[in-house]
Amino acid sequence: MRNESKTIWFYLLCVSLTAICCTPLPANAQIELSETVESIMESRCFDCHAGGGEEGGVSFDELGEMKPEESRELWHRVLKQVRTGLMPPPQDYDPLEADEKQELESWIITEALGLDPDKPLPGKVTVRRLNRVEYRNTIRDLLGYDYNTAMNFPADDTGHGFDNIGEVLSVSPLLLEKYFNAAREIIASTVPTTSKIVREQVYAGSNFRFDEKAELATTAPGDILSLLYYNDATARTKIEVDIPGDYQIVLNMRGMESYVDNVFDLNSCEFTFTFDGEVLHHKEYVRQGGKRHSLAFDRTLDAGEHEMVLTIKPTSEEDQVRKLRLDIRDVTLRGPLAEEHYVKPKGYESFFPKDVPADQAGQKTYAAELLRPFATKAFRRPADDRTVERLVSLAMQSPANGDSFESGIAKAMTAVLASPRFIFREEFTKEDDDSDFPLIDEFALASRLSFFLWSSMPDDELMRLAEQGKLREKLDSQIERMLADDRSKNLVQNFVGQWLQARAIESIPINSRAIARREQKPDPEADRQRNRFFELARKGDDRTEEEEKEFKDAGRDFRRRSRRGNRNRVRFDDSIRRAMKRETEMHFDYILKNDRSLLELIDADYAFLNEDLAKFYKIEGLEPIEGRQLKYVQLPEDSIRGGILTQGTFLAVTSNPDRTSPVKRGLFVLENILATPVAAPPPDIPSLEDAEGDDPNVKLSLRKTLAIHRENPACSSCHNRMDPLGLALENFNPMGQFRESEFGQPIQTEGELATGEAFTNIRELKKVLVNDKRDDIYRCVTEKMMTYALGRNIEYHDTPLIDQLVQKLNDNDGKAITLLTEIIHSPAFQRTSRIDTADDDSLSATESKQKLQFVSSETNE
């Protein structure tokens, strides 16, 4: 009866596959099942995934009712499980022979997915806007202006682990308004709107020198001088005036304080600003809460030396709790104010390299000369004549209305930055390629290349080669040049920062005191005293005289222990967090720039450390390291460190604030190192904290807690994969420091992967991964880098290309440059699709282009 059921289910499977695969395959294609595939599925698949079985949420019974994209997703999952050795389950079935596994994989790719292994499909990329990082970098490279998008734009949504994914980079009405505001601010801050202005000399606050040493005051970071409210202080500086005349003296300052919750600082001070002995400003200040002050004074000055003096004097003696201060940003001397002494604005020649013609015809020609190259750079492809004519027409409205020619150019440049052709990454295909999968043109290729490697616009050399039609011809030399450019740090920061979550280390919550308590030996007497103290505290006024004495004694003891704990508290401050972030970034950068094996991400005999981080990790046997600069360090031969799995970034972001999380760590390795994610947990599963052993009074170790959790059949399939990986890392606390015990109990790290490989510690696990899981690591890095490079998710149709890239890595010892270069040369990077090969409902490339062109023309009008 069981064999009869298998036959029925196998027949239904074949019928379903024919219906499913007829979409991507030619009309006359036939589904062929080899004896090997039929035998494998009957003996190793249907027991759990057919005839009512749906282990892991996979049921072949439902194939006939699935949409084609759902079926392809299912078979894509099956392929991954087979490749990693997780299916058939090694604990229940004999493993597939090499030829069986190869034939099954080949059948899934060619028949179930309908793909040609020798002809990878390129897929298509949704037309997408610049994200915050790309916008900021592009403005910097276009205009030399640092516009703080983190402060002015809402955070970008992320998809598939990255914030440059087209399908999630939507444009809300709020963001659209912010784009317009940004365009106006950026142009107003960079492009001069007149040819002559009053000369300005800026004297930073740091130019002032104190009469005494201070305690009295302090110098803030940068060019600011900070004057504290609480002490007398006098600071002075001298300036030189070369032309006598009327001037304006502008003092720019800000009242600041350090925030302390629920505490106010009622202190006040007198502040005086004198110029050549004349008091220009004298006022009493109380707390300002960050208020800015810009004070202007008109004076006639002689040529020669002049002195400015700042004086602060406390006028109260309240508690000093908020560090009240006046931050002197600068003093600006404007003048002489007579027009004959006006000068050209800073940077005027870079925007207006020649004098503005007097006649209207000459101005129109000059406007076109200025706006065409600017729009070309901003749009990242040649600006067409119609667009340039509209921009010139807009610019010429200003002189026609009595405003300056320069202000008209600024207005037109504002329109360029507000245009969808700047905000979106517009792509076109080669005009002579009418195939279903045409090559993108060289300007689109230049943009894909620059945003991948630099997170910014193409530079002049890329644009010049694209215009000449020679970029593809010189692609390898351009990749080499771009990686050597300092802007390539954006690839490391933005790719590694999101893939390996190095960005998160700066803000992840960590409770170092709670972590330290877990690593101390149990002290029952201290616990008893602490519990008694809180018990008496809750009684309040109801304490007896004897209890009151006990309460005070217990309080003194409690405070003494707390002070001792504070002295032993681990320093996990911003400098350590930044060093950890740089450690991970520099590790990847070293592998990439030196074309080393990607396997060194997992197991390496070196690290990047500075003095503080080396001390924090307590690595034994290291040569002394001095200074704050991170540097390459050769690790001792038997060091447990080396590779991203032992770096603070990974260990912290995969932990809870006060304890480690083997589940989070194991899940991270599966998803981001081995490309074998697990399904979401089923509902109503009890938390780990609810797991109890036979004796509820005995605190279980994390290992035993997880073992109890795995006894639940609904949990075991995923936790059998996650837990051994996470438990192997238990020697590292949530701050990345090595430890050997928790709550006085020795930590056990031995384990066995779901595919059968055994290990006793992290050293052995790293060896298992690089030796036995090499292809999985290569495939994962390939998928992550492709996702980031293309700005879209990896789809089923990418399987042949990824297989080719993994084979290239195997043939070239896993060299990082091999992967990056091959991705750039791949059809997915070089081409687009005129037919729908994706499983999403995004616009096709042609539809997106038409929509974008329509919006652009509407904006220009």
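Placed from the backbone N, Cα and C atoms, the Cβ positions cover glycine too.
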- Query: TrEMBL tags one of 118-141, 550-573, 838-861 as region 'Disordered' - which one?
  - Reply: 838-861
- Message: Just to be sure I understand, if DSSP states are collapsed into helix, strand and coil, how many residues of the domain 'DUF1592' (441-539) fall in each?
- Response: 73 helix, 0 strand, 26 coil
- DSSP residue counts for the domain 'DUF1585' (756-829), split into helix, strand and coil: 57 helix, 3 strand, 14 coil
- Message: Across the domain 'DUF1587' (128-189), what does the mean pLDDT come to, as a whole number?
- Response: 96
- How many helix, strand and coil residues does the domain 'DUF1592' (571-619) contain under DSSP? 31 helix, 5 strand, 13 coil
- DSSP-derived helix, strand and coil totals, residue by residue, for the domain 'DUF1587' (128-189): 36 helix, 3 strand, 23 coil
- Would you mind splitting the domain 'DUF1595' (367-427) into helix, strand and coil residue counts from DSSP? 46 helix, 1 strand, 14 coil
